[in-house]
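K.L.:
As listed in TrEMBL for this protein:
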DOMAIN    A:32-474  domain 'Amidase'
ACT_SITE  A:K79  active site, charge relay system
REGION    A:149-185  region 'Disordered'
COMPBIAS  A:150-176  compositional bias 'Low complexity'
ACT_SITE  A:S160  active site, charge relay system
ACT_SITE  A:S184  active site, acyl-ester intermediate
Amino acid sequence: MTTDLTNLTVAGIRDGFRKGDFSAREVADAFNAAVAAGKPLNAFLVETPEHAIAAAEEADRGRASGELRPLSGVPMGIKDLFCTAGYQTTAASHILEGFVPTYESTITAKLFGAGVGMLGKLNLDQFAMGSSNETSAFGNVISPWRRSDGGNAPLAPGGSSGGSSSAVAARMAPAATGTDTGGSIRQPAAFTGISGIKPTYGRCSRWGVVAFASSLDQAGPMARDVRDCAILLETMSGFDPKDSTSLDLPVPQWEAGLSGDLRGKKVGIPKEYRVDGMPAEIEALWQQGIAWAKDAGAEIVEVSLPHTQYALPTYYIIAPAEASSNLARYDGVRYGQRDLPDGANLQDMYAATRAAGFGGEVKRRILIGTYVLSAGFYDAYYTKAQKVRALIARDFERAFEQCDVLLTPTAPSAAFALGEKSADPLAMYLNDVFTVPASLAGLPAMSVPAGLDKQGLPLGLQIIGKPLDEQGVLNAGLAIEERAGFTARADKWW
Amino acid sequence: MDWYLKVCEMTESSYRIQGATGEWEVVIGLEVHAQVTSNAKLFSGASTKFGAEPNANVSLVDAAMPGMLPVPNRECIRQAVRTGMAIDAQINKWSRFDRKNYFYADLPQGYQISQLYHPLVGEGTISIEPEDGETKIVGIERIHVEQDAGKLMHDQHPTRSYVDLNRSGVALMEIVSRPDMRSPAEAGAYLRKLRAILRYVGSCDGNMEEGSMRADVNVSVRKPGDPFGTRTETKNVNSVRFVMAAIEHEANRQVDVLESGGTIVQETRLFDPDKGVTRSMRSKEDAHDYRYFPDPDLLPLELDDAFLAECRASLPELPDAKRARYEGPLGLSTYAAGVLTADVETARWFEALMAATGKDDAATAKAASNWLISDLFGALNRLGKDITNSPVSPAQGAQLLGLVADSTLSGSLAKQVFEIMLETGDDPAKIVEERGLKQTTDTGAIDAVIADVLAANADKVAEYRGGKDKLFGFFVGQTMKAMAGKGNPGVVNERLKAALDG
């Protein structure tokens with residue numbers, strides 16, 4: 001057989017398996033072995049080799065009988081925010097430790113229905129709150145990447161989908177599901193040299209995904225390249241009557257529509273994204289991206305998104321407000337952890353359970369959210385934030401009168417070392433400065449790997465599209481990908 | 001709104017509490033929680049059936065499992081809209097759900113999905129007819145839809161409480177009145193009228209015993225002409241009688257407090273039906289901050305014209321209209337029209353009875369109405385039944401009325417037949433046939449009996465002919481007795497008169 005099946009992309013596995021180059025079982029075995037060998041990265045909270053094998057064996061039987069499904073033979077990692085029937089789902093929080101859902105999230109049901117096997121449940125920032133994976137209750141994920149300075153400092157894989165980014169970058173999974181509330185797919189993808197797309201809000205059902213901030217949460221795929229993102233997003237998207245915010249629209253054939261030819265397209269460069277103190281390397285990468293877009297035939301236009309500076313504060317009011325309410329259900333009464341001190345009454349039980357069950361960052365956001373919604377502060381914070389959110393969405397609407405997609409850096413820096421920013425929440429929040437605006441406006445956006453910084457760490461470029469124009473986003477991403485020729489990968493140290 | 005204000009002024013209640021410092025007026029507003037009639041809950045497909053085993057009707061959404069999302073149940077929205085239309089209220093084509101956040105073990109989500117800022121139904125009116133009072137218009141401020149909570153059970157275990165989530169997520173309409181009522185009688189009339197409307201519309205079964213309807217009672221007192229006083233809210237009162245008792249007690253308590261120099265604290269109170277008193281439920285110190293905000297799991301509720309048109313077209317004739325029709329075209333008395341329309345089941349029965357008679361003239365309506373109100377209701381009362389489980393059907397009732405109308409039965413024979421119908425469930429025609437209860441109009445037969453009666457009472461005949469007119473009744477009685485009650489009273493009278501006077 002081929003040398004190493006774990007080097008294959010989703011498309012490569014799908015097509016090679018169909019051609020008979022290898023069996024699905026061989027693919028599952030190779031990735032299961034990689035998962036087992038990758039423990040030092042702490043990317044998986046639960047390993048499910050039996051699930052991947054069962055799906056692979058079914059794929060192999062299906063190939064023999066001519067009953068192939070769209071993703072037969074493809075294994076994936078699943079972020080542990082997706083409820084999986086029969087498999088522990090924790091959102092990386094002690095408060096859900098031991099919780100085994102009886103139900104399958106719509107997204108995992110669609111993927112499994114398309115033939116995907118699950119390699120395991122992937123670590124994340126607790127309740128998807130974080131940008132480094134350090135808020136996980138089960139230890140942080142470590143990025144497979146290391147700086148070229150020889151210092152071997154363990155680096156953050158990004159967050160909150162850090163288990164997903166680390167697993168894909170380390171070839172433990174050809175792809176993984178992620179979720180993105182303010183950048184949780186795009187920033188970790190950029191940190192680890194992979195691709196990831198957050199579709200238009202409402203494309204992917206939120207049913208069965210542990211909620212962080214309902215008006216922002218969107219699932220999406222994380223994979224090695226743009227084509228794989230297109231393939232997986234096609235399967236993950238679609239109307240779900242169980243989610244009132246789900247879009248009742250047909251799912252386009254994004255893979256078939258892929259084209260890196262940007263002739264006739266206008267790529268907008270938002271001037272407000274040129275923030276103070278942005279590293280020269282990021283600026284240089286951005287200029288490189290502009291050159292690639294031109295090379296692909298696009299016209300470059302400068303656009304303005306005047307309310308960009310208010311996006312982070314707005315996000316850090318709305319997201320915690322929704323989270324403070326969404327997380328009220330973790331009370332120790334019906335499932336998950338319960339802390340019942342001797343002689344405790346109901347209030348004591350709530351307090352003890354939530355004090356012991358939630359991590360520091362989760363508590364911080366619950367407190368912020370409770371504060372901004374409380375009587376006397378609601379209008380000053382929440383109502384105002386909603387108004388600013390509308391202005392930010394209007395900024396994008398106006399910009400898209402002048403261009404088809406926007407091109408920006410994904411994050412203001414390359415991956416930082418673990419522990420480097422964990423003591424300063426504000427510095428950590430600044431990581432989302434480029435990703436949060438598109439989340440507030442519900443727009444499709446993706447990150448593609450575009451180069452390395454001088455320490456040899458990956459950097460990503462972000463493409464933001466019009467509502468429902470995932471195709472435009474994917475195509476611009478493909479144009480960058482084709483020209484960036486990003487082939488770097490982390491040296492295996494684990 | 002001029003006409004409306006005028007109506008309120010004209011019909012101001014004269015109910016007053018006599019205090020040491022003079023008369024006090026009571027101001028009452030009611031917030032009624034009415035369970036929406038629907039098979040499924042407001043945001044989940046779980047059943048709403050009453051009386052199921054604890055936690056039998058609980059979906060993943062109702063238990064607030066991780067990742068579960070609410071999806072509005074169209075039927076619940078439809079019923080609330082129809083209710084709004086029935087009280088001539090403004091229907092808001094754009095409304096929104098908000099979360100009311102608080103922790104309690106009967107509230108799995110940690111928030112109740114309700115509508116604070118943009119309710120489904122806006123201002124409307126209900127016309128009430130208090131006993132010994134004049135018709136009055138009570139303003140409705142709003143109707144919004146919201147989730148019910150579960151139920152804690154404290155009697156299942158010595159040290160623990162259990163939770164039953166069957167009611168968790170069941171759809172409620174909260175119907176909020178203006179503070180327009182001025183006496184316990186008006187509040188009682190309002191509740192009865194609201195209940196009647198809900199039952200006519202079919203949006204709530206109005207069953208207060210099963211908790212389908214309960215009221216939060218807002219009461220304040222003031223000297224007539226003064227501005228509103230501070231109000232208290234007595235929660236979850238679950239019968240008309242208790243609501244009236246709670247108002248009476250609470251108003252008197254407030255007068256006592258004020259007259260002894262105290263002030264009324266705006267607070268939540270509970271009514272103790274055993275003692276007939278209200279008491280403070282929680283103090284201000286642990287007053288909740290509910291942190292209301294729009295539910296981000298739900299899109300705003302937008303209603304289109306076709307939906308509204310269907311809601312309107314599906315509304316039945318409502319009590320006020322029905323009553324007007326009974327009094328007008330049908331020619332019934334105000335009293336009879338009121339009794340027949342007070343409850344949708346009675347009105348339905350009456351209309352089925354009329355339909356079965358095949359007639360719609362005033363005489364038939366009057367006979368049907370009289371029979372239903374006196375004979376049928378009397379019998380049902382005696383038997384401890386109500387109109388919904390009457391042993392006699394409308395078709396049987398119509399048959400009985402028909403037998404009276406065509407002189408087959410006299411009034412007293414009809415009563416006999418009805419008693420037998422109640423016992424046997426048989427049709428009146430069959431009873432008349434089998435038991436020979438048919439009234440006799442055969443003049444030959446009647447004349448023969450009269451001849452016998454006169455012959456046997458020659459002395460009384462002489463007295464009668466001598467001027468003692470009052471004896472005529474005696475002869476009628478004797479004749480009817482001899483005919484076992486089956487003689488047609490009119491014919492008997494006529495022939496007897498002829499025999500005696502001729």
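Backbone N, Cα and C define each Cβ position, glycine as well.
Remember, TrEMBL labels are computer predictions, not curated facts.
Quantities reported herein were computed from a predicted structural model and do not represent experimental measurements.
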K.L.:
For the region 'Disordered' (A:149-185), find every same-chain residue at least 6 residues outside the stretch whose CB is under 8 Å from a CB in it, and list them.
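P.N.:
Residues 4, 6-10, 13, 31, 34-35, 38, 41-45, 74-82, 107-108, 111, 119, 122-125, 128-136, 140-143, 191-194, 196-198, 209, 212-213, 216-224, 228, 232, 236, 315, 319, 410-411, 415-418, 420, 431-432, 434-436, 439, 447, 455, 457, 489-490, 492-494.
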K.L.:
Counting each residue once, how many in the region 'Disordered' (A:149-185) are helix, strand and coil under DSSP?
P.N.:
8 helix, 7 strand, 22 coil
K.L.:
Looking at the domain 'Amidase' (A:32-474) alone, can you tell me the average pLDDT?
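P.N.:
Computed over the domain 'Amidase' (A:32-474), the mean pLDDT is 97 on the 0 to 100 scale.
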K.L.:
Show which residues of the chain containing the residue listed as 'active site, acyl-ester intermediate', separated from it by at least 6 in sequence, have their CB under 8 Å from its CB.
P.N.:
A:D125, A:A128, A:S131, A:G159, A:S160, A:S161, A:G178
K.L.:
In which DSSP state, out of helix, strand and coil, do we find A:K79 (active site, charge relay system)?
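P.N.:
It is in a strand.
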K.L.:
Can you tell me how many other Cβ atoms are located within 10 Å of the Cβ belonging to A:S160 (active site, charge relay system)?
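P.N.:
Taking all protein chains shown, A:S160 (active site, charge relay system) has 35 Cβ neighbours within 10 Å.
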K.L.:
Might you list, by sequence position, any residue in that chain lying six or more from A:K79 (active site, charge relay system) with a Cβ less than 8 Å away from its Cβ?
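P.N.:
Correct list: A:K121, A:L122, A:L124, A:S161, A:G163, A:S164, A:A176, A:T177, A:G178, A:T179.
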